[in-house]
């Protein structure tokens, strides 16, 4: 996610968590612990026998009610800050909760058709008729992730329009879609990391049943669907949790985006775990990507991540939990029972190799064939060494992790969008089309789990700049913060940094699907299709054992990756990072090259490698 507080929401907002508690809060009786998965669900829940149960937990109000379709109804106090009423209303009804007579949006709403400041809609999550009920998910070892932003993936920017493109993704050869966050956020456009109503999918993309139809159709094509969720902070605009109770938040911790979430508070804990259950059980997502887990600070006896993993796995079926966490902590898999981790170290070594960038967090990375070989052999770079930017140790050895647990990428929303103009790596003059295709060949032939960012497969011309749609002073502050963030870079004049609040910034991020059949775009797309076919069908490339992979460098400029299985079959990738052309057969490698050319990154026969070119060779196995 966008983690820069300089131009992100934390720099310009005060969260609802900071609102003072009502003076009656201290007079309320001690509340009971939040209970089981659904027996204490807050918000509006249609009941099987008819009617809807409305339930609120608050420590700030003495009298609580609900205004449904304009008519006010009292909620009965149950003790411990809980209030409830069952009313004869059905799905489609609109409502506000009333705290001491004041109307407020429901932070547990399942739908907010008019935005995060508007009335909620009663939704029956069980009304959709699923078509592909036999789907059982995919193991991580089969996953090729495709990160997708609904609003920019198609011209329409809706679930239904994205659904129409699913056959294209299935034909490409990806196996798992990862949707960027959908929790309701303010305005009509944004990355999704400013979500404030975790249970309500962003209304601008379509209705809840449209999202279900997207997941359903994906399953019918053999595609798993994961959702990026943000459980480490709430956005600055439309976060009403603090109105109901400041106890959702704590001063014990602080995040780059504002007040820390108090995971020790039972209702906050249940808010998170219940939300995960809803996406996986009711929307039938196949897993979750957990945003910035290093910011999920918890001093509870059982860490929220461990409880989340236990509850998800207790659902049955095959559900994946993938963490974004820059700390290189293998215990998130071995002890916390998550399934995999985004690996920034691979991206950073690749970025330095391709571009020579050494600013900021790229400074500790070396780039080049030897550095890439090291990260492939070890999984990541930092295994307890000092991280220079923090003057503290970072990481631990990852010997216990299987290859699928490492999610590798050469692009993602952060690494593109956090650049001043949102340019992708293949947009840079220093990165030739051949160099980008060589990097792609490496990514897709490793046993680690690859992740593609939308349009990467055809070297899309569309950038992915940071964009938002905040109102008033907040919007102006976001724009100014973005200009300040990059104002000290000589390479960017003030007018060159896109205004994140401008609709034009959002529109330029939309993919141009027509260009896929043109020139270099078509050549790159052909390579991705061929490599993903090989990854799926080739018996050696199917192997996910790290012990069967070795990587090294020759002459400082050629990266080699050798994969050999027990039956004697082998595959060797060679990538020329030097300016001088080389002939693979003339390289003094520590092994004999297998004879067959399975795929040259430029589509040629033979093993001659120009600058940036790669070739995959195989034995007869």
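The backbone N, Cα and C atoms fix where each Cβ goes, and this holds for glycine too.
Where the annotation comes from TrEMBL, it is an automatic prediction and has not been curated.
Its Cβ placed at the centre, residue 291 (active site, nucleophile) has 25 other Cβ atoms within 10 Å. What TrEMBL records for 291 is active site, nucleophile.
As annotated by TrEMBL, active site, proton donor applies to 324. When other Cβ atoms within 10 Å of the Cβ of residue 324 (active site, proton donor) are tallied across all protein chains shown, the result is 22.
In this model, the domain 'Glycosyl hydrolase family 13 catalytic' (147-482) carries an average pLDDT of 96. Residues annotated as domain 'Glycosyl hydrolase family 13 catalytic' in TrEMBL: 147-482.
If you look up TrEMBL, you'll see 1-53 marked as region 'Disordered'.
Residue environment of residue 414 (site 'Transition state stabilizer') contains 25 other Cβ atoms, counted within 10 Å of its Cβ in all protein chains. Annotation source TrEMBL lists site 'Transition state stabilizer' at 414.
In the three-state DSSP assignment, the secondary structure recorded for residue 414 (site 'Transition state stabilizer') is helix. Here the Cα atom of residue 291 (active site, nucleophile) is found 11 Å from that of residue 414 (site 'Transition state stabilizer'). Counting in whole angstrom, residue 414 (site 'Transition state stabilizer') lies 11 from residue 324 (active site, proton donor) by their C-alpha atoms.
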